[in-house]
There are 2 protein chains.
Amino acid sequence: MSLFKFAISKKDHESGARLGRLHTAHGWVDTPVFMAVGTQGTVKGMTPVQLREAGVGMVLGNTYHLMLRPTAELIAELGGLHRFMGWDGPILTDSGGFQVFSLADLTKRTDDGVTFRSHIDGAKHWLDAKRSMEVQRLLGSDVVMAFDDCTPYPSTREQTEASMRLTHRWADMSLDHFQGGQQALFGIVQGGMFPDLREESARVLCEKPFHGFAIGGLSVGESKDLMYPILRHTAPLLPDEKPRYLMGVGTPADLVNAVSVGVDMFDCVMPTRNARNGYAFTSEGAVSIKKAENKRSEKALDPACSCYTCKNFSRAYLNHVFKANEILSSVLMTYHNLAYYQDLMASMRAAIQEGRFAELKSRILSTYGAEDIETVNAPERAPTSSPNPSVAEEPSCG
Amino acid sequence: MSLFKFAISKKDHESGARLGRLHTAHGWVDTPVFMAVGTQGTVKGMTPVQLREAGVGMVLGNTYHLMLRPTAELIAELGGLHRFMGWDGPILTDSGGFQVFSLADLTKRTDDGVTFRSHIDGAKHWLDAKRSMEVQRLLGSDVVMAFDDCTPYPSTREQTEASMRLTHRWADMSLDHFQGGQQALFGIVQGGMFPDLREESARVLCEKPFHGFAIGGLSVGESKDLMYPILRHTAPLLPDEKPRYLMGVGTPADLVNAVSVGVDMFDCVMPTRNARNGYAFTSEGAVSIKKAENKRSEKALDPACSCYTCKNFSRAYLNHVFKANEILSSVLMTYHNLAYYQDLMASMRAAIQEGRFAELKSRILSTYGAEDIETVNAPERAPTSSPNPSVAEEPSCG
């Protein structure tokens, strides 16, 4: 029987923000929670001990990557993903569908699933709801995601509707093949940039016995003007008593905005990927460590942060190891960015508890010069071609 | 006044091995000691906390690299190398001479020093004994190395003799410009593969007021048949009461052999560089983690090791992260190799203390199928051309 349970302990009076706790077979995490992305069985550059020190409580693993290498069967043989990667906290795995379309070669999709060739060795593979459930069972994650079709951006209404119906079909197939045990299964709401399709997707899926619900198909290249209204519209459609997970999002401003409309769970490569590229999130906003102004700076990366990196190293040192292309640059920058994200989530939880979430939200939005989700209005109609295709190059869609 | 002090607490009855303690302004380390190489102000892939956990007590910094980037002046401005890299234990810096010849472009040597162009940006620099002492003073290392000329291998007797005389001249210049304070200064014995020149170099240098003596110009591409007899001949020529440092050496077998003839200090890139290339030193001998036999292995990298890597991860996981080109591969492999080297030194110290060094030595030599320094005989005469030039490609000469 699943040990999965979600309990809300407090709701914010002025917004949709909720404070909760997610219980799994591998312990609990408080929500809102940000999951660190551990694509290939490791959060890039971090040991599990460092993850814990940085405050990480829950990790996401990528089904697509792990099924190809070292294979889900090998991981199962070695005792499952937790044991394999030395992480004893909760793990959520995605369904693999999104990465098949973004990374694999020669994909061929039918209504049942997708045939593709591995980006590693060209070997032919098949992925559908049944196989996705099998792979995620072999990995032994605590939260399993239903196999879905992440609607690309931009898409026409007709494309979006067809994609959504496929997601609904695959949701049923996922439920059919999900074996339960200690795992929980989340459904994924699609519907692209069309509010009425989001409503339909939420209505159809929320009738099904999922343990939680994700909002997929956002942060795939669209502007905040499109994303925020859709998110604001969709989140409250999901069952109040179940966890709500916004896949592949986002910036600190995105997180506080999403929490304010009732989202409980997040994952994103941004803190880890940006760290490796020399970008930090700080209480003073974004910092590019390679900038000349940091070359002689004795200042901590974030003077308000008490993580290992900020307590022990100057910006000058971080600038040096970045320029010298040292492994330690990725390690120390990732350490800080993850600690920053975890501190951000902890401060949101404290603010909800203490009834001052609105104040925190406005401070974070102002730090990053970001818009409030409540005041962003959608364009008259969703464009059918991307206004800025370069943004879409590396989507981190759920 | 220098806080530098070296005290020998025990000598092995059956060999030249000594147990001692090196006191510096940044604390003490027990000898024989292996220093981790922190070329650019970081031991590649390790945080200072991880270094401590792996048992590292003393670190080596490279003058050449640091004077070019971020510059010794900047490091001094930021409080010195210890503070800059967050390492509060003893640091030894090399003189920079060796790397100028192996890494810089367009070097031009005179009897006074060398003009060269940076391998990073092509900028013109000058390095001589005076500048080397200045740079190492700015870095604030605990042990400063005299500026020397590392005789290349192979060299004729005439070349070796000329190079040795330059080293002696630069040793005097180093003493002239060394300012003392909390730093100690070591002289470097050269003389190539010629026993009588090694005698002359030791005799000339050991009369001078150095705090310790290094054996340079070994492990530069020559075979063990040449290196071991020279080392066996040279080490006992150095003053008994001062620390003896064998630069840029070596394998576990090299270390135990060198300790048996009275060497106290070592540094080498081997544990860290090999780790990044997927090679581990273990109680069962060398392990190549990428080998197929490790793909499904639940075994620890070294079942006899209690380091973080060996306690928490299987060979299968290490094989996976190596193949997936993950940063964590370098981190975990480096962690183990450094812990292995530190454990090896600790076991040598315990064995000397307890009068069972000979037994330990023979066990380590047998683990690696290596020769005993006592039974290796030099070829009839030192060859003047390298028998295996490829070995000399990446020398780690002192």
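Each residue's number is its place along the chain shown, starting with 1.
Here the Cβ of each residue, glycine as well, is placed from N, Cα and C on the backbone.
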Joining A:ASP94, A:SER95, A:GLY96, A:GLY97, A:PHE98, A:ASP148, A:GLN190 at the substrate site recorded in TrEMBL, out of A:GLY122, A:GLY217, A:GLY221, is A:GLY217
Listed alongside A:CYS305, A:CYS307, A:CYS310 for Zn(2+) in TrEMBL, from A:HIS320, A:HIS336, is A:HIS336
Lowest 10 Å Cβ neighbour count of the recorded positions A:ASP267, A:CYS305, A:CYS307, A:HIS336 is held by A:CYS305
Among the recorded positions listed as A:ASP94, A:CYS305, A:CYS307, A:CYS310, the Cα nearest the Cα of A:ASP267 (active site, nucleophile) belongs to A:ASP94
For A:CYS310 (Zn(2+) binding site), the nonlocal same-chain Cβ neighbours (under 8 Å, six or more residues apart) come out as A:ALA300, A:LEU301, A:ASP302, A:PRO303, A:HIS336, A:ALA339
Across every protein chain in view, the count of C-beta atoms other than its own within 10 A of the C-beta of A:ASP94 (active site, proton acceptor) is 34
For Zn(2+), residues beyond A:CYS305, A:CYS307, A:CYS310, A:HIS336 with C-beta within 8 angstroms of the site's Cβ centre include exactly A:ALA300, A:LEU301, A:ASP302, A:SER306, A:TYR308, A:THR309, A:LYS311, A:TYR335, A:ALA339, A:TYR340
A:ASP94 (active site, proton acceptor) sits from A:CYS305 (Zn(2+) binding site) (Cα to Cα, rounded, in Å) at a distance of 31
DSSP output for A:CYS307 (Zn(2+) binding site) maps to coil
